[in-house]
C-alpha cells in the first residue's frame, strides 16, 4: 500500500501516521528522515542538499524531489509500500511526485487527509504555556494547572506563552499551510485519491475511520 498523509499542524497527523505504519506494515517516510539519511549515506542528492544547508540556503525543489526519488527507488518500498509524510508541500512538488512514481512504476493508493476546523487548531496550538521558573509546560485545554495561574511543580505564578504559541502567530502559520495545501488536495481529489477523515473526533474514532477507508 502506498499512501500520503496530509493535515494542518495540530490535526493529529503524527499519531495517525504511527498507527498506519504499525497496522499496515508500510515504511514511514518523513522529509526530515530522508534528508538525514541521504546526507549520512552521501548519496548524490544528499551531498547536493548538504552543500545548500551548509551555506544556510534553502534546498531547491529539484534536490528535494531527487532525495524523495532516491528513497522511493529503494527495495523496502517495493516490498512493503510507504506512507509519505511532509511531502509534497507545494503543487509543483505534487506534480514532480506524480512523474517520479510513474517513472518508478509505483501506484499511489490513497491520500489520507485529516480535516480539522482551523479555529479549533488555533485553540489546540495556542493553548500551551510554560513556567518561567522551572520550565514545566501546560495546556489550557489538555493539561491545565490544578490552580489557575500557579505552577503545579514549583508553585510559581510566573507562567508565560512563547511568541510562537500566541493565537495570532498560530493563525498566520495555519493560513500559510492552508494556502499551500489547498491546491495539492484539489489535485489529488481530481485523481480520486483523497480520503477525508474527520479529525475533530476522539483519537480512537479517527483511527477507526482510517481503518474503514483503507480496509
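A Cβ is built for glycine as well, from the same backbone N, Cα and C atoms used for every other residue.
The structure displayed is predicted, hence computed values, not measured ones.
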*State the residue range annotated as region 'LID' by Swiss-Prot; the candidates are 127-165, 166-204.*
127-165
*Which one of 30-59, 60-89 shows up in Swiss-Prot as region 'NMP'?*
30-59
*Do any residues of this chain, six or more beyond the ends of the region 'NMP' (30-59), have a C-beta under 8 angstroms from a C-beta of it, and if so which?*
66-68, 70-71, 85-87, 89
*Check the binding-site residues 138, 151, 154 for other C-beta atoms within 10 angstroms of each C-beta and report the one with the most.*
151
_DSSP state at residue 31 (AMP binding site), helix/strand/coil_ = helix
*Only counting partners 6 or more residues apart, tell me which same-chain residues put their Cβ under 8 Å from the Cβ of residue 87 (AMP binding site).*
29, 31, 34, 64, 68, 93, 97
